[in-house]
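Since the structure comes first, as structure tokens, the remarks are kept for the end.
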Amino acid sequence: MDKNKSFFKIMMNDFRNRLRIPKRFVTSFKNSNKLLGRKFLTGPCGKTCLVEVKRTEEDDFVFCNGWEIFVKDHHLDDADLLVFKMDGFSGFDVTIFDPSACEKEEPSSEDDPSCEEINYGYDDDDDDTTDEEDNIQEVTSRKSSHGKQYQFHSPQPSKGRKKKKILVAKEDNKKRKCTPEENSCSYSNRRQVPEKEKMRVHQQASRHTSSVPCVLMKMKPTHVYNGQLKFPRAWAQEHMRQKSETITLRIPSTGRTWPASIRCRMEGLVIQSGWEDFVMDNRLDEFDVCVFELALGGKHNSIPVILDVHIYPVKNEIIGPL
């Protein structure tokens, strides 16, 4: 399938500023224009950079505008070999080999001054509390109208798991500010929301009842501006198939649907391609709360997955520019 194709490139010449995508790879698509625009490049350790694919005057497709950051973050050198595997049309998973033909070990990004590190997922500390736990409702049993009981799950992280890292380039040693339209860094465009309003929305969402497995998640900047959302590991392992597949996101009140792709990664199941459209069309922002219901499909059957999404937004008057 087109969305799963791959290619490799050996780093040589002036690869640090831009990288040409093989012409044969480009021409293999019926509509190669889908390759153009902003794309996520995800490195071996989960570092994600937003780059742009542009068409040159020579009719070449090249990675640029962010590619130099990816090069720096992953310490790419001459003769390194990179394998790019498509992750839908939203981006590429990148595997890096050094000249010895072995996978390249990446140094920690903790001391890298060029990037801001935003972590979510599983901490390596002795403390089992994670950012992801702040995202979702504590375990709460609720009976549905059908009498069956389901729970909102918190994840049960195990010690020693790697954190998912998203790196944001800094400009002039300051955090870059951007608009939601840019989708290039993880900062909210919302005014400070009073704690009372956050609590009101959270409590309202917590009263949601369902006859199917569901999970409650508070939207963070990484969910809103980075084009992807990671499900709590424990909930996903219990209810979802542990594989990459195409799913449908649906708003029950209107019946409107969005196709999306789930990717099975080391850190868990991540919605990528299609999530950005869902966020923009529904005007999701930080501190909104979403309840995801597994309406169809899941771990115990082969039916295509449909996730019903119930959105609990903070009050409209709170929303506005900084």
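Just so it is clear, glycine is given a Cβ too, placed from its N, Cα and C backbone atoms.
All annotation found in TrEMBL is predicted automatically rather than curated by experts.
Taken from TrEMBL, the feature compositional bias 'Acidic residues' applies to 122-136.
Taken from TrEMBL, the feature compositional bias 'Polar residues' applies to 147-157 (among others).
Per TrEMBL, compositional bias 'Basic and acidic residues' is recorded for 168-180.
Among the features that TrEMBL reports, compositional bias 'Polar residues' is placed at 181-191 (among others).
The annotation domain 'TF-B3' is assigned in TrEMBL to 4-100 (among others).
What TrEMBL lists as domain 'TF-B3' is 214-311 (among others). Mean pLDDT, taken over the domain 'TF-B3' (214-311), works out to 90 on the 0 to 100 scale.
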DSSP-assigned states of the domain 'TF-B3' (214-311) in counts, ordered helix, strand, coil: 19 helix, 40 strand, 39 coil
